[in-house]
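Enquirer: Following this message is one structure expressed as structure tokens.
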């Protein structure tokens, strides 16, 4: 018998949950770097330029210039070289390192047994070790050989910033005063971590104990501090904050450091702005089982120093003393190069508005986190995920060599919180949308009847569909892997919500079965009227 409640519906064999939730405050902008921010991204104010040292043998002209040495820039450089084997590509990077991937900084690296002072490697799912660096140093062409090499190559200039670009004259101006002319240019400067005004306006003693976690240097600093302190407090309940909370707590426990890890979040549970509330609640319990102390529904109101510790006063009146604080409240797109270059910015999602070929002006492209593009399926978007950085960078590189291809890729992302929670997702994953979830049987439930979700439900394996205007716009695979190709097909086909019962059969919810049995899949008539109304 079907029983309706505000919580949803659960079937003994499989779980059907249809939800329509609002999120706790604020507006959502990019995906998914602004989960704990209550402000739309705006162009940052220009800061005084401090000139860096002159780069010796820097060429005055380059065929291909890439501004930004992250995943997007590297992916573009490889694509350029693939289409133009003798191409000379110059990457100007503000980082102190050759290009590396960032997702392991909050996940896999913390579980690594390697020397994290010199060797930044982690074990993949197949047991093989992998470096966070895309290539060895020997892969790159030294700067003094850039113009003379007959076969071209990729050169990285580290520790330098481009502060101005002239699209008309095709010139890039470095902060040290040097100027580079280019034929084709890609802006791949990504985003930077947001801070909170309470910390921005605090004393230097306070700021010295606050980390905006974004780079390898931030990882190295935090890894050293973990062995020197007794408590760390993470502010933010999104992907980065929750991943770090679990990773730090796990490493503290394994190494017997006994560091107290706190997580302050504005919502009622972790990841509440991307997960339905029932999953956020269950996920929060798993984060607590990892040893993290959750402090929900509040944020920091005041901060002072108290005997070499941060004394945080929260909006709920609670006071928290901690050695260090990590601010993980989203990202701001780096758009300073728009100033003086007449490049259009998006006032809703932030970032540079680009066309379908990722071009912002003639011979000038933008890709990665700070590109606001038009998705043919889902409308205008800005995405902050590794997969998007790779694919959009590759496409921009191809188009810089004349390919003229539109960007149509639906990017994916993944997250792991401890040992029991892992998921992959594609499309628009937003808890403000109605959702339709189907989960594998909850162990002791053998009667096959619908019921309300319980606090002790074990959401071991399932699929959640996110709906907008009766169509699936996002798919989340919960502890279920190797099925992303099916989710991508569902998204591309524009499946309507009345078909979701049949669609659920495409996913293997049980490890030893290839599909759900027909009587384990809820039929269309059992979707609540409330859900149908909410999707219109």
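Yeah, the Cβs are placed from backbone N, Cα and C, and that goes for glycine too.
TrEMBL feature annotations, pasted as is:
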DOMAIN    64-392  domain 'FAD/NAD(P)-binding'
DOMAIN    396-446  domain 'Mitochondrial apoptosis-inducing factor C-terminal'
DOMAIN    449-493  domain 'Mitochondrial apoptosis-inducing factor C-terminal'
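Looking at the shown structure, can you explain where the listed features end up?
Expert: Averaged over the domain 'FAD/NAD(P)-binding' (64-392), the predicted model reaches a pLDDT of 96.
Mapped onto DSSP helix, strand and coil, the domain 'Mitochondrial apoptosis-inducing factor C-terminal' (449-493) counts 10 helix, 16 strand, 19 coil.
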Enquirer: DSSP on the domain 'Mitochondrial apoptosis-inducing factor C-terminal' (396-446): how many residues come out helix, how many strand, how many coil?
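Expert: Its residues divide into 5 helix, 20 strand, 26 coil.
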